Amino acid sequence: MIEDSAEDAELLQDQLLVSGLEAEFERVDSELELRRTLDGTPYDLVLSDYQMPGFSGDVALKIVRSKRPELPFIFVSGTIGEDIAVQALQNGAIDYILKHNPVRLPAAAARAVREARLEQERAMVEKELLRSQRMDCLAMLAAGLSHDLRNVLQPLLIVPDLLSTYSEDARVHKLGKIIAESVRRGHDMTESMLSFVKGSRNVGSEVVKIHELLDAIEMLMQGTLRRGVTLRLQVPDEEFSVRANFTEFQQCVLNLCINAVHAMQGRGGEILLSVEAHPDSPDTHLLLRVSDQGVGMSDEVKQRLFTPFYTTKPNGTGLGLMSCKRFIDGVGGGVRVESTLGEGSEFILTLPRYMADAEPALADRFVDGGGRLVMVVDEDATRLPLIANALSAQGYLPLSVADGAAALRSSAEVSQIDLIIVDSDLSLMSAATLLTALRNRGVSAPVIALQEMEEALPHQVLPETLVNGVVAKPPEIPALFRAIQNVLDVDPPR
Ligand SMILES: Nc1ncnc2c1ncn2[C@@H]1O[C@H](COP(=O)(O)OP(=O)(O)OP(=O)(O)O)[C@@H](O)[C@H]1O
Ligand SMILES: [Mg+2]
């Protein structure tokens, strides 16, 4: 209540309480007091006199509108004339009541509060909707971006394999390995982005040694550690391993470490990354802890941590922990948080442990092509020569054609085709049409389709009756040769 007369205020209060409104009241009668009270308590309604000595209702309305725009404001005055009342409503008051005729007050007050609450709910729903739309946008952006990025990386995926077949120089091999590794990580990241968007994960996994992962993180964090913040690793056993995608795993722990650095900003302290066998199931699970000596969290923050877009930082996205959680869920693990306000926080990850003798090694050697004729039909001008090169390096005879029509022409010029590799997304003549036409002309070679595996992207799927094997795009050379071996039914060398 903004009211200079204590008696008037009391009268209005009685009126409202008698009508059954459950409320508490506070009275102010100066600008300073009004500003101070508005900062503190979450009021539901303002009732204001219009003319007070040293303070005017118009000013009060302006202050309330600017500080708490959602708070309903009703003038209750003995003096308000029609002109002023209209002006007041235009300025944002929602009603005016005459003091000498206050019967309408309880109903007006109740309605004002009810409508303000409804409005708040509506605003929240709208915000939630906006948030989910933002999520959709983000998903589309990420899908597009990762798709394009994958196309950029595609040729690079194949180059290192070729380099090593063309040169005996050990230095070239070493450089090729570095390229291969970096490109594979880049490619993994695009895949993670896509699977993140789709909410599934089909990202290839590998055996990740925790000590290697944490060493890499220590290196990456060097630039991020602020003054007074140190990072310590505790890995008692170098064989501790988890089957996961290295890049995603690294991103997850990095997110936790960066949060820890933020939490220790201006305080300093130690981040401890430690791993141990799970005390309850040491053979099957590991515990990975990321603990900090930062500000800690309130219960509210603790509860909302993993919610998308929940952030307490001015520049945060609030996606860091959400993506951590997705990774952890994806490998079949779990995460728990312990935190004390003012002392620090600890994220405790339970991860399925990988034991070395659980899986046989992959035989990664392939048979010689023995001069078999392989027709490669691909409209992608970078991919075509790369696949052809890989084939000839392995002893096959590649016959590269850039589209369906060329494939039909070439097929007439050779006596026998041993294998057809075809992009399932041919645009000029569809792959299905081409394969059917080849069949009709008596070409009976087995077919390997290069197929887009990403459901988020537009692509064609060839009927099973037309293909004998499928290789995911972008084709990795080992996967391609494995498929070739399968469809040609040749035994790999011992
Ligand atoms: N180690 C921590 N100590 C204290 N609070 C934390 C810690 N880790 C996370 N939080 C709280 O959880 C919130 C959500 O974290 P999350 O990583 O998801 O997003 P963010 O860090 O705010 O933004 P971004 O990761 O995009 O920079 C943070 O804003 C912070 O309030
Ligand atoms: Mg974060």
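Using N, Cα and C of the backbone, Cβ positions are placed for all residues, glycine too.
According to TrEMBL, the features are:
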type: DOMAIN; residues: 1-114; note: domain 'Response regulatory'
type: DOMAIN; residues: 144-355; note: domain 'Histidine kinase'
type: DOMAIN; residues: 373-488; note: domain 'Response regulatory'
type: MOD_RES; residues: Asp49; note: 4-aspartylphosphate
type: MOD_RES; residues: Asp423; note: 4-aspartylphosphate
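Cα of Asp49 (4-aspartylphosphate) to Cα of Asp423 (4-aspartylphosphate): a span of 78 Å. Around Asp49 (4-aspartylphosphate), taking its Cβ as the centre, 25 other Cβ atoms fall within 10 Å, counting all chains. Listed in sequence order, Val377, Asp378, Glu379, Asp380, Arg383, Ala431, Ala449, Leu450, Lys473 are the same-chain residues at least 6 apart in sequence whose CB falls under 8 Å from the CB of Asp423 (4-aspartylphosphate). Averaged across the domain 'Response regulatory' (1-114), the predicted model reaches a pLDDT of 89. Across the range of the domain 'Response regulatory' (373-488), the DSSP-based residue counts are 43 helix, 24 strand, 49 coil. Residue counts for the domain 'Response regulatory' (1-114) under DSSP, split into helix (H, G, I), strand (E, B) and coil, are 56 helix, 18 strand, 40 coil.
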